[in-house]
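Colleague: So Swiss-Prot has the following annotated:
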| type | residues | note |
| --- | --- | --- |
| SIGNAL | 1-25 | signal peptide |
| DISULFID | 71-77 | disulfide bond |
| MOD_RES | 80 | phosphoserine |
| DISULFID | 100-110 | disulfide bond |
């Protein structure tokens, strides 16, 4: 299998190409049971763990680049713990009940949690897209690639129709609230979002490896 590489393409061009490939490779899921009508076997494609794993690692690489850039530009490194501990963000987290840890692992429950969690992160990625002052190519790459990852994971969930989409009104309200903060707090929130997404994806990566 060819590995995901950005040696030739910019992060945005790579991610746009990746999203196009995912969109054309995976059709809209059919209702449960229709795959086997008329005695035919399912032609619905299945995502290999390797492809999902490589995509997660690609996103983690872009996040790492953004965190490094913010650290160098704004001195927003690990010394912001006091401010971060006082944040009022409700960022997605992975817990034992999500079935993604080795102890109590449940593949279906875990896939649902990862997919829904990434959907919940979308509003925060919109925030990064609006206010991140570094390399915009990285923010766009993270957002586009995360959407591609959601598509991949939906194909692995047995009942994708049960994957709930976050309330857009709630998301819009949160985004408006975040926009009213001063620049220092915006930068602090952005590094927190990046750290939280990185943690979530690290847990997801370990789970994908044992699926």
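Placed from the backbone N, Cα and C atoms, the Cβ positions cover glycine too.
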Colleague: Taking the Cβ of each of the disulfide-bonded residues and counting other Cβ atoms inside 10 Å, which one has the highest number: 71, 100, 110?
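Modeller: That would be 100, with the highest Cβ count within 10 Å.
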Colleague: What whole-number Å value do you get for the CA-CA distance of residue 71 (disulfide bond) and residue 100 (disulfide bond)?
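Modeller: Residue 71 (disulfide bond) to residue 100 (disulfide bond), Cα-Cα distance: 31 Å.
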